[in-house]
Amino acid sequence: MTRIIVVTSGKGGVGKTTSSAALATGFAKKGKKTVVIDFDIGLRNLDLIMGCERRVVYDFINVINGEAILNQALIKDKRTEGLFILPASQTRNKNALTKSGIDRVFTQLVNMNFDIIICDSPAGIESGAVLAIYFSDEAIVITNPEVSSVRDSDRILGIIASTSQRSSQNFKPIKEHLLLTRYNPKRVSNGDMLSTEDVLDILRIPLIGVIPEDTSVLKASNQGTPVILNYNSNAGQAYYDTVNRLLGINCPFRFVKDEKKSFLRRLFRR
């Protein structure tokens with residue numbers, strides 16, 4: 001059974017595309033045939049983070065418009081077996097995405113035996129975001145531990161509940177997951193950032209992962225490499241933990257405590 005997962009947020013700049021690339025790579029590393037689709041029409045970025053921008057010949061809109069077949073537009077990742085990228089178009093016409101066109105593409109992907117379809121959604125409520133949500137079975141809501149980001153995520157949860165295909169057909173609701181990015185335990189301890197508990201108290205959806213603030217994320221993006229492939233980075237390890245949880249594997253949350261304060265507490269207990 002193919003899982004269609006939208007990666008979304010209420011605002012831009014929270015690490016949506018970085019997370020889409022990392023999670024898709026992680027699923028493929030786990031043996032799942034995976035495709036990650038860029039729904040951000042006109043602002044194509046996924047191909048840059050995946051390092052395949054020079055290999056784009058046809059795109060999502062070309063397939064929807066019948067100007068190319070799906071196999072011509074799918075880009076096979078050179079580093080990870082079983083991983084494919086479907087890039088967005090650079091067109092400024094946001095209306096180029098249609099329900100019927102997306103439905104045809106998704107039907108073909110299911111028939112091609114893809115296990116996972118990751119939809120990299122644009123931020124907010126533009127048409128690409130709403131359509132990505134409409135077709136999905138699960139939603140990963142990305143937020144930073146900041147009040148404005150969390151507030152915008154609360155709004156997107158309302159959209160998920162009301163606009164999905166599942167809600168319109170009275171099916172079981174979209175399964176919602178929270179992914180907290182750019183988390184800095186030291187800043188949380190200093191009162192400069194919301195804690196995981198604060199965010200969960202506001203959004204009230206299950207926490208699937210906590211990605212720490214890590215310079216390796218920017219470095220990986222600039223190199224066109226999903227950060228999950230940097231096995232020595234904290235962010236890469238946290239994304240692997242997130243993939244495991246999405247596959248039903250229990251693992252503890254790491255990188256959520258201020259290690260300096262934890263060390264001092266242990267020291268004074270002796």
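Including glycine, each Cβ sits where the backbone N, Cα and C put it.
Among the features that Swiss-Prot reports, ATP binding site is placed at Lys11, Gly12, Gly13, Val14, Gly15, Lys16, Thr17, Thr18. Within 10 Å of the Cβ of Thr18 (ATP binding site) there are 26 other Cβ atoms, across all protein chains.
Cβ atoms within 8 Å of the centroid of the Cβ atoms of Lys11, Gly12, Gly13, Val14, Gly15, Lys16, Thr17, Thr18 (the ATP site) belong to the same-chain residues Ser9, Ser19, Ala123, Ile142, Thr181, site residues excluded.
Here the Cβ of Val14 (ATP binding site) has 24 other Cβ atoms within 10 Å, regardless of which shown protein chain they belong to.
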